[in-house]
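Sequence annotations record features per position, and here TrEMBL assigns transmembrane segment to B:40-63, B:235-254, B:282-305, B:449-467, B:501-526. Here TrEMBL flags B:67-145, B:533-591 as domain 'YdbS-like PH'. Annotated region 'Disordered' per TrEMBL: B:158-214, in sequence order. Residues or ranges marked as compositional bias 'Basic and acidic residues' in TrEMBL: B:198-210.
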Amino acid sequence: MLAVPVAGAAVAAYWLFTGHPAWLGVLVGGFAGCCLALAVAGPRASYRVERWEVTDDAVYTRKGWLTHTWRVAPMSRIQTVDTARGPVQRLFGLADVTVTTASAAGPITIEGLDHELAAELAARLTAITQATPGDAT
Amino acid sequence: MSWRRLPRRSLAVSAVLSLGAVVPVDVVVVRVLHGRDWTWGAIAAVAAVTAVLVVAGVVAYDVTRLRATRWRLTRERLELRSGVVSRQHRSVPRDRVRSVDLRADPVRRAFGLTVVKIGTGGHGDEGAELTLDPLPVSEAEALRRVLLSGAPAGAFLAEDPVPAGAPSREGEPLRGGETSRGSGPSRGGETSRGSGPSREDEASGERGRSWGDGPAGAARAVEVVVRLRWPWVRYAPLTVWSFAGAALVLGVLYKPLDALGVEVFSAGTAALVWGWLTERPWVTIPVVLAGNVAAGVTGAVLIFVESWGGYRLEREPGRPGAPGRPAGPYGGAVEPAVEPCGRLAPRDGRWRVRRGLLTSRSLTLDESRLRGAEIREPLLLRLGGGARVKAVATGLGKAREGETEDVAALTPPLPRAEAARIAALVAGGRLPEPVPHPAAARRRRVRRALIVAGAPAVALAATATWIRNGGAEAWVRGGGLGAWARDGAVRAWIGDGTLEAWAWGAAAAVPLLVLPLALLVAVAGYRGLGHGLGGRHLLARSGAVVRRTVALDRGGIVGWTITQSYLQRRAGLLTVSATTAAGDGHYDVVDVGGDTGLELAARAVPGLLDPFLVRGGPRTG
């Protein structure tokens with residue numbers, strides 16, 4: 001997401017503020033190339049590895065390319081359910097769902113869901129959570 | 001329900017405490033005026049006036065603070081209004097109260113007062129605690145009982161003396177603000193009673209009978225689980241601070257000494273010290289080091305004595321009628337029945353840590369908020385065969401900025417076997433034996449040690465080669481070192497090969513020094529790894545320098561995070577992290593074998609992980 005502006009800024013800075021030495025040009029060009037490659041490949045890679053699943057008992061996510069992370073939170077221990085949509089996400093009709101448990105270890109986030117699905121999921125999670133009392137604190 | 005005020009005796013306390021601020025202020029005043037050739041009489045007068053102004057200012061502030069502070073306990077909530085500049089009204093449901101912390105420094109103790117902090121859970125810095133500064137000891141003690149016993153606020157509500165206005169037979173224990181009996185000289189009954197540890201004990205027992213939680217308060221005995229044994233003081237110096245402490249103190253002292261005009265580090269003294277040091281280094285340097293260690297050890301012992309003197313860990317049984325476990329198992333070595341997995345067994349007692357020779361501290365934890373226990377063995381303490389026990393509890397604040405002591409600490413450093421016994425009692429069941437982790441975990445650690453030792457060697461060797469091939473010379477000639485290179489000495493070193501020889505020497509010596517150390521840490525780290533599953537607990541042990549053994553109540557686990565880095569994947573290992581509301585928020589089983597780890601997580605909380613698990617490996621879709 002940030003890769004394109006960063007690459008653009010690097011190239012612009014090179015163009016405007018330096019005397020165009022060749023070695024710096026190669027360096028900046030390489031950096032910009034890496035950024036663009038990341039911008040193209042990153043979302044695909046994360047789309048390939050990221051998975052989520054919600055059963056009646058638990059919320060489950062998987063993410064990470066080099067380091068895989070699986071997270072599970074039982075329904076009975078969920079405290080809050082949030083949905084969030086940034087400006088870019090609104091452009092593409094997406095939303096994040098964040099599920100918080102009582103632990104300080106951090107919430108579970110399901111990123112980039114279709115926003116209607118996200119709203120529906122949040123409603124479902126809220127309903128299930130309300131039906132199960134207690135949060136084990 | 002009417003609002004209570006804080007006792008006015010607090011003014012006397014703040015007046016006494018403000019004397020501490022008077023001393024440095026007066027010292028500065030004297031120094032400045034003396035420098036201007038004032039007569040001693042005038043200086044004394046000015047110093048006296050400043051002192052009075054400081055004390056008056058502090059007391060005036062405290063008056064406004066006391067006037068602004070009100071609290072009350074209703075059937076459902078504890079409410080506190082406070083704040084001189086910005087007014088606050090905080091209201092906490094009583095069933096959110098997880099811990100009560102009483103703390104009285106010597107001055108407050110002399111006046112029979114104590115500071116009460118009520119932990120209410122939550123992770124925020126601000127919202128986690130309610131502070132009543134101060135309350136009379138007896139009132140604080142009663143509040144502690146009422147809040148944590150979960151009983152109706154019987155004494156506080158029923159015997160509320162404010163409307164009646166008549167003193168109860170104990171003196172006037174409950175009428176915080178209205179007990180305007182002046183300060184110090186006319187101390188009431190509870191004041192004198194609160195002064196000594198043994199008498200305080202008596203007093204609290206008596207309180208329990210008179211206006212604690214009714215007949216039950218007296219009927220059930222408090223069980224002392226462990227008391228301080230003075231031989232334990234031998235573990236006190238086993239910290240890094242014993243070696244770094246003295247130098248640190250010198251650094252801290254430097255500032256005030258400097259303000260007083262004592263120039264410790266002036267050029268003259270520095271030269272003197274340096275001359276003394278270099279004259280006979282084989283004598284002086286050991287002397288200085290020994291002095292440092294001696295000072296550090298003395299400091300550590302003194303701190304131990306102050307903070308753990310009178311230490312006692314006790315368990316107060318739960319309220320009658322509640323389905324609690326009988327007190328028996330906690331005293332003996334009887335193992336409690338195996339609980340149905342994933343469910344919290346009812347535990348309704350309270351654990352209380354009391355300690356402090358000068359400043360007395362008392363922390364009470366609601367047993368139902370305990371999620372296990374942690375045994376901590378820092379390197380030096382571990383080598384000395386000692387350990388400490390911490391509580392894993394929800395609603396215990398993290399140590400705040402500037403607070404050195406751990407709020408969750410349950411014991412001083414003590415023998416490991418004793419630590420294990422106490423941890424098992426606190427956790428509420430025998431702890432399982434840890435199972436070692438696969439050899440791949442050791443290989444990982446050894447490989448990491450080799451890299452740590454090898455990388456500087458490779459870098460130094462590369463530098464040496466670069467120097468030999470004339471790279472350094474060309475670089476210096478090109479102005480690479482700036483002003484340094486003009487000196488000529490650097491060039492000479494490069495020219496005659498001295499620098500190259502040094503680089504090669506370092507390349508050989510660094511790994512020789514670092515490698516054994518790194519390997520020791522690696523092996524210790526592997527040997528520290530372990531996990532286990534008991535009837536009630538998940539046990540996780542890890543740490544090379546500080547070894548932490550955590551027994552986490554399986555019912556307190558609120559989720560799993562399983563991570564596997566690229567290298568772990570190749571080694572067939574993964575890290576299973578149990579998330580919980582208590583303590584650090586998550587406790588990790590590090591570098592456990594893939595299948596073992598998932599099986600462990602699946603068995604620790606049945607039904608949670610199973611739908612996502614393909615036996616034989618994590619599900620990929």
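Note: Cβ is positioned from N, Cα and C throughout, glycine not excepted.
Annotation: stretch B:449-467 has the most Cβ pairs under 8 Å to the transmembrane segment (B:501-526), among B:235-254, B:282-305, B:449-467.
Only sequence-distant pairs (6 or more apart) were considered; of these, at least three Cβ pairs between the transmembrane segment (B:282-305) and the transmembrane segment (B:235-254) are under 8 A, so the stretches are in contact. Beyond the transmembrane segment (B:235-254), the same-chain residues lying 6 or more positions past its ends with a Cβ under 8 Å from any Cβ of the stretch are 264-265, 291-297, 299-301, 303-304, 378, 380-381, 383-384, 386, 412-414. Within the chain, the transmembrane segment (B:449-467) has long-range Cβ neighbours (under 8 A, six or more residues past its boundaries) at 473, 494, 499-500, 503-504, 506-508, 510-511, 514-515, 518-519, 521-522. On the 0 to 100 pLDDT scale, the domain 'YdbS-like PH' (B:533-591) averages 89 in the predicted structure. With DSSP states grouped into helix (H, G, I), strand (E, B) and coil, the domain 'YdbS-like PH' (B:533-591) comes out at 9 helix, 37 strand, 13 coil.
Counted with DSSP, the domain 'YdbS-like PH' (B:67-145) comes out as 19 helix, 37 strand, 23 coil.
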